[in-house]
């Protein structure tokens, strides 16, 4: 007599929400904002009609109010944005500046990133901070009292990976992703490329995927190099995803879905797009951990950068 009972799959995928990860950082921010005799002021510039940008601005305002920062949203026509940024650069009452991208959705957006003063660039997108990140330079001064500012969205993903235990705390700081393979589906200059650099500089082998090709970011065999190198490969997504411990996706299209069958059993999957890049139901058959969004952690990192920059403006750097 045959046994008709079917065993249930015992695989379990844990869903981790950004709000839970952000809690610890919010408490740190509340403690550090009290170190100042005033509430640091963040100005956000909105020059597009993107609903996701509007939602991000609303979240930023809500979080600033809860913690004790000042926040002002300035809605400015695209053609007036550069002058508005320069005005904020020169306003001593403004401690931090951010722009809700995209604005022109072309190379002019990269130019606008450079218009923001490095002293107030909470997004960490100006040339000085980007160069430091790519060259793995972690401080702004020889005395190493001022940490360089990292791009807030890539930094948020790093902090999520730390929270999830992907970073190995036993290994020396700066090498804690050694032995990890990570695939990133996005190579934008704002998130995907800097994220690949950050993770590779921490010791990971990173496959960066876009519509053109797959590149490999690595510090070499045995992480011997001080900073990462980038090499073109002949690989495709289906070659690198199944060998990855972590898959990070940020495709800005409602029509894109990452193929769940390419996810290695037990892998960590993170979506940083405003669209749902993963099909949750099929993904949970493979992934060990799924982080469906990162927005609240990104805002926490934005405000972390604001505290650092405010302390630098006062020449009283704080370590946060």
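Yeah, the Cβs are placed from backbone N, Cα and C, and that goes for glycine too.
Listed features, source Swiss-Prot:
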ACT_SITE  152  active site
BINDING   187, 188, 210, 211  NAD(+) binding site
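Sitting within 8 Å of the Cβ centre of 187, 188, 210, 211, and not among those site residues for NAD(+), are the Cβ atoms of 186, 192, 208, 209, 212.
Between the C-alpha atoms of the residue listed as 'active site' and residue 210 (NAD(+) binding site), the distance comes to 21 Å. Within 10 Å of the C-beta atom of residue 187 (NAD(+) binding site) sit 20 other C-beta atoms, taking all shown protein chains into account. All protein chains shown were included, and the count of other CB atoms within 10 Å of the CB of residue 188 (NAD(+) binding site) stands at 15. Within 10 Å of the C-beta of residue 152 (active site) there are 24 other C-beta atoms, taking all protein chains into account. Its Cβ placed at the centre, residue 211 (NAD(+) binding site) has 7 other Cβ atoms within 10 Å. The secondary structure of residue 188 (NAD(+) binding site), as reduced to three states from DSSP, is coil rather than helix or strand.
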